[in-house]
Each structure stands twice: as structure tokens, then as C-alpha cells.
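Taken from Swiss-Prot as is:
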{"type": "SIGNAL", "residues": "1-18", "note": "signal peptide"}
{"type": "REPEAT", "residues": "176-199", "note": "repeat 'LRR 6'"}
{"type": "SITE", "residues": "PHE349", "note": "site 'Interaction with bacterial lipopeptide'"}
{"type": "REPEAT", "residues": "389-414", "note": "repeat 'LRR 14'"}
{"type": "REPEAT", "residues": "501-524", "note": "repeat 'LRR 19'"}
Amino acid sequence: MPHTLWMVWVLGVIISLSKEESSNQASLSCDHNGICKGSSGSLNSIPSGLTEAVKSLDLSNNRITYISNSDLQRYVNLQALVLTSNGINTIEEDSFSSLGRLEHLDLSYNYLSNLSSSWFKPLSSLKFLNLLGNPYKTLGETSLFSHLTKLRILRVGNMDTFTKIQRKDFAGLTFLEELEIDASDLQSYEPKSLKSIQNVSHLILHMKQHILLLEIFVDLTSSVECLELRDTDLDTFHFSELSTGETNSLIKKFTFRNVKITDESLFQVMKLLSQISGLLELEFDDCTLNGVGDFRGSDNDRVIDPGKVETVTIRRLHIPQFYSFNDLSTLYPLTERVKRITVENSKVFLVPCLLSRHLKSLEYLDLSENLMVEEYLKNSACEDAWPSLQTLILRQNHLASLGKTGETLLTLKNLTNLDISKNTFHYMPETCQWPEKMKYLNLSSTRIHSVTGCIPKTLEILDISNNNLNLFSLNLPQLKELYISRNKLMTLPDASLLPMLLVLKISRNTITTFSKEQLDSFHTLKTLEAGGNNFICSCEFLSFTQEQQALAKVLVDWPANYLCDSPSHVRGQRVQDVRLSVSECHRAALVSGMCCALFLLILLMGVLCHRFHGLWYMKMMWAWLQAKRKPRKAPNRDICYDAFVSYSERDAYWVENLMVQELENFNPPFKLCLHKRDFIPGKWIIDNIIDSIEKSHKTVFVLSENFVKSEWCKYELDFSHFRLFDENNDAAILVLLEPIEKKAIPQRFCKLRKIMNTKTYLEWPMDEARQEGFWVNLRAAIKS
């Protein structure tokens, strides 16, 4: 029994491990390049079923806690390994021994409390290493990175437990492109710990307090090019003289990000910055200034000149005492050498005129996302303000009048580039005044509905994208670049108005087509971006775009952004891929051919109708149908006559003097219908013929040469012919008054010809002895 339980337990463990491994494999996706992604897949361990071809493995945000020596042994070609945010607390000494080609290793935000140099010794190709967010106190007992000669980006430290930096920590590192140290809770710094790194392009230092800042700063002045201080409270910072022994500093840019500072501490910071002889750029991002702008220090000293600083950038500066802020007059002496200033999203509504006049070297000014209006801008751009200014950016402020804005800036004699996008202008006046050297104007996203002569003729670059324009007809002889995307234009601008145009970006309008002739009219055009329009994929447009191979060099967004909007069956397809049928592309020729074929068919039908009397058939059919549709006086047809006699007027003597006498005077008498005697006066002849035939028991045709030539006799034959078809009877009696060939009867009277071919007809004998027999036979035929 115990043996059985043991076997069941072993099998359960094996099955559980098998299921776990199967689940691990299902959470991974690998492409043909050997890049495997298993992020957020609830993995508990590193999958073992992958091949040696794997080059990149992303296992971030899983539940891996342990890495053994064998987990990564087979991945000898691995170049990138991401294990961030797992919960790893243990890595065996030789876990990375087979990863000699690894270049990117991310172990950030796990639970590694102790770091081992043996992990990194085999990683001779490593260029990127991230150890941020692990709860270690120091960077190990021995130097971790001394063997990583190719390392270029290093990130170490954490917010809570990393308290000590030692001299050995960075031994062996000579050059880094980026070094990030999260020393938020740093309590101990061994002098010259960072001095061993000879060159760092960009150093990011997280420090909550400034206590050790000066000591670290001393070691960085000769090795760091760009120094960034993050998340630091400098409210109580006080500068003390440094004994660096350095006359030259490599620091060219100093960035303060998410830093708290006061008027007094800013004065102390300026003292610190004055020690950096090569400082050129100063940046404040997301900082808080707890002051009113009085930077003279507690002893009312003059603000220290920061030296050679040429660029100052301030973004999202928060000033709690904004409405008590001073006029910045204490900063005036420091501004004369500054060439570039950016103050973005910091609630600036005015630059004092005196400050503007002191900015004598200023060439670039960016006041985006602030509160500037025309009235205060006029004060800022007062006479002699910003004398060297070439570029002014007032994007997303509160400007409302284009005419006033241009007039306000007339004092800026050297202004060439102006960005006033994302203001709300709506209306553009017919004329405006602008600085005479204007070359670039950005009016994008200003809600204008039309463009007028307000646009300066001197422009070389114009951006009016994302507005409500449906027409562009300005003559700008010097314009080289036009950005007019996201409007409502239906066609390309007139090339004759833009003779120097090199770049045209007109995507996402309502353009349906453009032609080779239109593009050729832009003689200097090098770049065209016209994707995202509602193209009608006509045969001409497709032929032009698909056959012009040189077009791909001009259309920078070809072919991905050129999609058909119509015809409907190709909507959404790329213009490059659409092929239309011959019938769609040669519709005019096809219609012409069909018309010709129809004409020939009609002509052929006409010839056939004429040859076989088709017109006559149609006329008779119509007349007969009309006659049959007439309302009858009685529901049943009344037979009034024994026979209707159809004869030629030239045979009237024989009919009236012989036939009538023999039949109507016979006992019992026959009642004959003769057109001379019995037709109703005033009634249509054709109606009389039809009614007489219908009211007669028989129809007697007195055939002769005269009968065949008579037009009215033909009508009587016609309607008798239709009666034969309609009633399917033998109501016709043929009397040959004189010999006549059957061929003399027209072909169209096929039924009568058939009767003559199949039944005996009566022939008037010239011999008087036989005439009595003729009358007997005729009476018998009428009675039948």
C-alpha cells in the first residue's frame, strides 16, 4: 500500500510538471527571426522547449522567482533577455554562463537583495544592463562590472534600500553613454566613487535630499557631459565653496527634473552652476518654484552669472505664489548672452519690455502653451525688444487676431520664423503687416476657413494644415514648402501660383484624383505627400499611378497611404494593387460597339421585316387587337348574313347581276353582305369590314387579277386571314372568276394559300351549260 501511494504521488508530480511546461510553451510566441515574446503570460519558470535559434526573449511581468544554472544553458545565441517585474529572488552563480553573445539584460524591479559579480563575468558582449528597483543595499562585495568592457548603458539603485555607493562599485568602467543611479535614499558616498568613470555622456541621478549632492558633483565635473538631477528637494540647498582642483568642466548641459526649489536655493544653485566653466544649456522640467521671483539671496547679493549658458529651457514650471511673482528684474544682467529660451506650459502671459530689451543675443524664443494675448504681446515685443530674434514660437496661446499679431511683431526686424499654430483665429483679413524678413509661417490648427493676401509674399515655408480650407489660390512666388494636410481641398493647388515649390504635403483632404499633367506643371517639385485622400480609382488615374515608376520617388507615402474610395468593389484597397476590367476601362468604346451592333441588328430586322412583310403583320395584328377590344352590344355574336362578298369594283357587274340574282332570289334566299349596299355610312371602312366579316357565316372571295390589285380587297383578305387564325375555321370560300396563278396571292396570306393548296375552290366556267352546276356548288358551300 505505501509503495502504491508513493507511485501515485510521483506520477502526480510528473503530470503537474508536464502541464506547467505545456502552459509555459503556450504563453510564448516566436517569429522567424528568433524573437520570442512571453510578457504577462503567468509563467512560473523560464521555458525549456525553445531552440538555440532564439535571439530575443521577453519574459517580463510573469511569476518567475528562481533562475537555475540550466534554465538558459541552451540559448547560446541569445542577444536580448528581459526579465523585469517578475519577483526573481535567486539567480544561481552560473545561470548566464552560456550567454556570451548577450547584449541586452534587464533584471529591473525584482527581489534581488544581493548582486553577484559571477553573474556578469561571462557576458563579454553586454551593452545594456538594468538593475533598477531591486532591494539591494550596495552593489556587491566586489566590483560587478569590471569585466563588462562593452557596456554602454547602466541603470542601478532603488528608491528605498540602496544607501551606499563605494569606490569599487564602478571600477573598470571607462566609457558609458548613459548611467542612471537611483540614490533616492543614499546615506553614504565614498569620495571618488564615480570619478573612476572617465566619460559619461548622460548621467541621471535620483536623490530625494541634497545632503551628498556636492560631494557627488565634485567627482562628476570632469567626466559627465549631460547631468540630470531628478526628484530632489532643493528648498534648503546651500552652496559651499568646492575644492575640486579642476579648472575645466566637461558638463555642457544641466537638467533639473521634478525638483523643488525656492528663491534662495535657486540663488545657491546659480553659485553651483558658476563653477561649471563649460556649461551651455540649462533645463528645468516639471519643477516647483516656491518663491516670488526675488533671486538676490539672503544677503541681497547680486545673482551669480552662470557663465556661458546659451540655452535655457523651462517646461511645466509650477509656481504656487504665481500672482505674487516679481518682475524678474534681478535676472536682467544674466540674460544678455542667452541665445535660446523655451518657456513652455508655465502660465506665462507677459514678458516685461525691459527683460525683452536685455535679451540682446536671443535668436530663438518658444512660449508655447501659455497665456499670451495680443495686448500683452505688444508690451513684450516693444521697441528694441529681442533685437536678434529670428524664431518666435507662440503655439497654443490665446491669440485671436491675425492682423493684430502681425502688426505687433513689426518691431522684430530680424524675425524670419513664426509659429502661431493652435491659436484660434477663424477669420483672416485681406491684408496684414508682417516683419519684412519673414520666411516661415505656421498657421496650422487655427480654424481658419480661407486664405487671403494676408499671407506674406516673402514666405519660403507655409504650414496651414488642419484647418477648414476648401481652396488655395494664393500667389507665393518664393514658396518652397507647402504643408496643407487635413483640410477640405478637392484638387491640387495651381502650379503657376507656386513656381518655386519643392515640397507639397496635402494628405487627408478630399482630393479624388490628380493627373500627370498636374504633377508635370510643378516643374521644381521633389516631394509630394498626398495619401489619405478619397481617391476615385478610375482607369486614367490607375494607369497614371501604376505606370509612372518615377512617381514613387516623388510620393513619399506611396503606396501604403493611397487607398481607393470608389468604385465600391475596390474600396479600401491600395491604388497600386487595383486592377479594373476591360469593360470598366474602355466603357466608351464598349458602348460605341454595342450601339453599332444594335444599329446593325435593327437594320437587319428592318430588311427582314420588309422582305417578309413584318410591318404589315404588326399593323394587322394591332388593328385586329383594337377591334377585339371594342365593347360589344351583345354578349353573343349575331350572324346577320350568310356570306360577306369580297370583290373588286371592276368585277361588280358579275357580282351584282349574276351572283346576287342567283343567291338572293333563290328559295330559300341567301342574304349577302355587299360593301356598296350594306356598309354603314359614316363608319370607318376598316370597322365596316371587320363587323361585316364577323356578322357573316362565310366570306366569299371573288378572285381575279383585279382583286389582287385592289387595296381594299387586300384589307378584306387581311381580316379574313386573322379570323381564320382566331376562330380556327374554314369560313373562306374562294371563287376564281378568271384563271389566276396561286403565286399572284401575296406570301403573307399563308393561310389562304394553304387553303388553295389543300381544298378545292370554285372556278367560274365560261361554258353556260356548266354554270348551273357552279351555282349549286356555291350554295352548298355557303350552307356548310
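Counting begins at 1 with the first residue displayed.
Cβ atoms here come from the backbone N, Cα and C positions, even for glycine.
The model shown is predicted, which means the values in this text are computed figures rather than measured ones.
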Where else in the chain does the repeat 'LRR 6' (176-199) make close Cβ contacts, counting only residues six or more beyond its ends and a cut-off under 8 Å?
132-133, 151-167, 169-170, 205-208, 212, 215-216, 218-220, 222-223, 225, 231, 250
Could you tally the C-beta atoms, other than its own, that fall within 10 angstroms of the C-beta of PHE349 (site 'Interaction with bacterial lipopeptide')?
15
Segment-level pLDDT (mean, integer) for the repeat 'LRR 14' (389-414):
96
